[in-house]
Each structure stands twice: as structure tokens, then as C-alpha cells.
């Protein structure tokens with residue numbers, strides 16, 4: 001040992017413990033509100049640097065001894081002001097230069113956990129949001145979604161739709177009818193309740209389906225009420241002997257649909273099951289929407305009514321004719337519609353399905369902007385080998401074998417098609433009979449008497465004909481007597497187009513076996529000639545462009561002719577030549593029509609006829 005240490009005794013344990021107690025008594029003086037608070041003591045020989053709580057000044061503290069001299073040092077205890085740090089105000093930060101103690105041991109009461117980065121303050125939206133549980137949504141937001149009319153915004157609450165019946169009853173029991181409080185248990189998913197609707201006060205066990213039906217078994221619709229706690233009733237699209245079709249909002253998929261509700265009758269329920277079978281088969285055959293058939297989305301039973309949902313479509317052809325003021329359409333438009341209907345009849349014949357109710361009301365224009373059409377309403381349809389009813393079809397479009405009571409098949413739809421084509425062209429029905437006698441008399445006015453072999457096989461021949469086969473005289477309600485074979489189809493249609501007339505006559509043959517099939521109709525000259533004329537015009541235009549192309553320099557390789565493509569610029573000379581050729585073709589076609597019309601009237605021109613002419617191209 002060195003001489004400086006001779007005679008000095010190391011401090012014993014009692015002296016060390018006494019000095020530590022004296023140090024403990026001195027430190028609490030610094031625990032005032034404006035000084036560093038008490039906490040675990042650092043080891044000897046260390047200094048503590050902290051932030052003044054109220055002034056924000058940075059301070060350094062040294063441990064004093066009882067005599068005011070720093071322990072194990074000859075220098076007195078000092079307090080140094082190191083300056084202020086405004087950006088650290090009210091943010092306690094402690095530092096231990098010698099790192100002999102952790103941050104958590106210095107200021108446990110001011111900051112339970114000391115971080116080097118500023119604390120993250122949650123946004124007000126997260127703080128102010130009301131607490132929700134897994135099984136209960138906020139009552140302020142949930143009714144807006146469950147009862148919002150035509151709501152297209154999904155619910156953003158803690159509990160998203162669908163609700164369970166238990167949850168719906170817990171929140172909306174007082175707004176549901178007594179019948180609904182029992183009924184809702186049978187529906188596992190709740191999307192819409194229709195709380196604002198004037199609900200029917202149904203009574204369980206009451207007549208007419210607990211009060212939900214009228215005397216004819218028709219479901220009493222209530223606007224903005226629910227169907228199956230999912231669909232919101234918006235308006236009535238159509239009614240018939242089968243039931244009604246409603247426009248609804250599907251609150252599950254957020255889209256508009258058409259819901260067909262059949263009457264609550266046993267016969268119609270059985271026919272509805274046949275319709276479901278046919279629709280399901282056709283949907284599988286027409287996955288790419290190639291055959292212009294309406295597609296079924298879903299079906300369900302609701303309050304003893306069979307309901308079928310379909311994609312919502314536009315106006316039917318009758319409404320389209322009505323909007324055109326019953327003036328009819330051009331042959332180009334009629335040809336386009338006819339082609340689409342034949343594509344449907346093509347697949348029906350292949351699957352041996354009879355539509356049984358083809359008419360303008362059952363052909364709708366799609367809403368996707370393509371101006372295509374679709375065949376709807378298979379409620380009267382049947383399979384060819386499972387014919388149920390003997391008297392079918394709407395009267396204006398009813399085939400003669402149905403009127404005479406003969407056996408029928410797929411050919412009756414081709415008869416209806418012929419009547420529809422004539423109505424699309426003229427704007428009025430071809431055979432608008434008042435009753436079945438008048439209907440058959442109107443047919444015989446144009447087509448003459450049916451073949452003898454057909455009359456001999458007709459069970460209802462005596463109602464319309466004498467025993468010798470002569471038609472019984474008939475006078476309609478206006479006192480007009482129908483004369484057999486007194487009118488010509490060309491005069492009724494006011495056209496002399498031989499192809500168009502031949503096509504309609506092929507659909508309206510008396511003998512079903514001699515009528516055109518859908519495949520034969522698609523190959524008829526009325527379609528093929530129009531396609532050939534279109535191709536001829538395109539080829540002529542291309543040749544004209546090629547002929548009028550300026551000659552190239554002999555040193556350069558000859559360039560190929562440029563076909564007519566949208567967006568390509570053509571020189572003025574070529575444009576003028578195309579116009580001359582088109583005008584010449586138009587005059588030649590007009591001259592041919594004039595010559596053909598010398599025996600009768602030419603095609604009539606109507607301002608409404610060309611309203612949908614653009615659909616042909």
C-alpha cells in the first residue's frame with residue numbers, strides 16, 4: 001500500500017449503512033413539485049441529469065454527504081443550470097451517463113414507461129367511437145342499414161349484416177309485428193326489415209293465408225316492406241293470371257331484381273315447380289347468354305307463395321311498340337329481333353321444350369345498352385313429352401291446332417313468332433280476335449280454309465265448321481261478317497317484299513309439319529340475302545377504294561390496298577367514290593322495289609319505322 005493510505009482504516013459496514021441512511025434523508029428534499037421526484041437511488045459516485053418538471057430546465061444533481069461535501073470527494077455539492085429545451089416541455093426524459101441504472105428506475109411516478117420517441121396519441125375518431133361488442137351493433141347506425149330504402153352503402157358498424165334473428169329481435173322487437181316476431185326465427189340471415197312500411201296486421205290462423213292474400217290468392221304487396229327479410233318491394237312491374245312481378249332491391253347483393261310471386265293456388269304451385277325445372281335446365285345450357293333466355297337467380301317460399309328472382313330487364317316489345325305510337329319498325333329492326341327470338345327457339349327445340357306463351361309482352365329488351373332482347377315467362381312452358389294443358393297460348397298468337405283441339409308440339413311457337421313479326425312491322429296485331437270463333441275467322445280471312453285432313457282430326461271441328469267442312473257464318477260484335485280468303489297478307493302488311501312475305505307464310509302454315517323449324521328459318525333467304533347485300537356493299541366499297549388509290553412510283557414496291565377500318569383516314573377522292581357507289585346501289589335497289597310494287601303497294605315509309613334501324617348493324 002502507498003504511504004498516503006497508511007493509518008487509514010477502511011470503513012466498516014456500520015459506518016457505510018449510517019452514511020446511506022443520511023443520504024436517504026437528504027434526497028427527499030429534491031422531491032418537491034419543482035424538483036426531481038423520489039425514486040430508486042443511484043450508486044455512489046454517479047450523477048443524475050433530469051428535466052425540471054415545471055420550468056423545463058435541464059438540471060444535474062450530485063449526491064451530497066451529511067456535511068454538504070460530495071461523498072468521496074473534496075468538492076462541495078453543486079447544482080448546474082444547463083439551459084432550457086422547449087421541445088422537451090412536459091415530456092420527462094432522464095439520462096444516466098454511466099448507465100448504472102435503467103430508465104425505469106429513475107422516474108417511475110412521472111412516466112411509468114420511458115421511451116426515446118414521443119408517445120403516439122390516438123386519433124379522436126378512435127377515442128370517441130362508442131364501444132361495441134361482437135353480438136351487438138350501435139343502435140344509431142344499424143337501423144339506417146337494416147331499414148334504408150334502396151341503400152347501396154354497406155354497413156360499417158362493428159356488427160355487419162346479416163343479423164341473426166336473435167340480434168334483430170333484441171334491437172327491433174318493438175318495431176316488428178307479432179306475426180313477424182315469430183316468423184323471423186325461421187330466417188337465419190336478416191338483411192332488411194322494412195320498418196317504415198305500413199305492414200299488414202296479420203293474424204296467425206286467419207282466413208286468406210293469415211291475411212296476406214286477397215280473395216284470388218294473390219299476395220298483397222306493401223311498398224317498402226320486405227320479402228324473406230332480404231328484398232325491398234319498390235313497385236309492381238306486371239300482373240297476370242299466374243300472379244305478379246315486383247321490382248325489388250336485393251339488400252344482400254345491393255342490386256335491383258325482378259321477383260315473380262305466384263298465386264297461392266295448388267295448380268299454380270305445381271306449374272311453378274315445372275317452371276323451375278325448365279329454367280334450371282336452360283340456365284345450364286345458356287351459361288354464356290348466347291340464346292337470349294332470361295336467367296333465374298334464386299327461388300324461395302315466402303308466406304306460402306313460390307317466389308322466383310330474375311335479372312331486371314327493360315321494356316317488353318309491346319311497350320316498345322306503344323312508345324313508337326304503334327307505327328311499327330323497319331325490316332332491319334324486325335329482322336334483328338326475329339334472329340334473337342329464333343336463337344331461343346333453337347335451344348328450346350333441341351331440349352324439346354314448348355314455350356306455350358310467346359308474345360310481345362314476354363320478350364324484353366335488355367338494360368345493358370346492347371339493345372338485345374330476351375325471352376321471358378316460362379310459366380306456361382312444358383316438355384314435349386309432358387304436356388299438361390290442352391288450351392294454351394294468348395289468343396292473338398294462338399295456333400289453329402290449339403283452337404281446334406288437335407295435338408300440338410314445338411311448332412306452335414313458330415306460329416306465334418309469325419304473328420309477332422307481322423305486329424312488329426305494322427304496329428298492330430295480325431289476328432286480333434274478340435274470341436276464339438273470331439280468332440279462327442280472322443285466320444281464315446287471310447289463309448283460307450284449313451286442310452281437310454286437319455279438320456277430320458280436330459275434336460272441336462263442329463264448333464267452327466259444318467259437317468261438309470264449310471265454315472259456319474260468324475259476325476263479330478261490330479256487326480262485321482268475316483269472309484274466308486278475302487284478304488291478302490301483302491295488303492295487310494303493306495309490303496311487296498317477296499322474301500319477307502315468304503318468311504311469314506312459312507311460320508303461318510296450317511299444317512304444323514309444314515311450318516319452318518328454327519334452324520330452317522335462320523337459313524331463310526330473308527336472312528341470308530340481307531347478309532349477302534351487306535357483304536356486297538362492303539366488298540364494293542373496298543374495291544372502290546382500291547381503284548381510286550393514287551398510282552405509286554415505279555421505283556417503289558406496289559402497296560396493298562387498305563381496307564376500310566374505323567379511325568383510318570381516307571382521301572377525299574376515295575370518299576366521293578364510295579358515296580357514288582352507295583348512291584347507285586340505293587337507286588338500283590329502289591328501282592327493283594318499284595318494279596316489284598307495280599302489282600301492289602310498295603313498302604310504306606314511316607317516320608317511326610327507322611327509330612331502331614341502327615340495331616341491324
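Each position is counted from 1, following the chain as shown.
Each residue, glycine too, has its Cβ placed from N, Cα and C.
Computed from a predicted structure; not experimentally measured.
The ATP binding site annotation in TrEMBL covers 260. The compositional bias 'Basic and acidic residues' feature in TrEMBL is assigned to 9-25, 601-617. The compositional bias 'Low complexity' annotation in TrEMBL covers 554-563. If you look up TrEMBL, you'll see 231-527 marked as domain 'Protein kinase'. What TrEMBL lists as region 'Disordered' is 1-54, 466-485, 540-564, 592-617.
Sequence-distant contacts of the residue listed as 'ATP binding site', defined by Cβ-Cβ distance under 8 angstroms and a gap of at least six in the same chain, are 242, 243, 244, 245, 307, 308, 309, 310, 379. DSSP states for the region 'Disordered' (466-485), grouped as helix (H, G, I), strand (E, B) and coil, give 0 helix, 3 strand, 17 coil.
Confidence across the domain 'Protein kinase' (231-527), taken as the mean pLDDT and rounded to a whole number, stands at 95.
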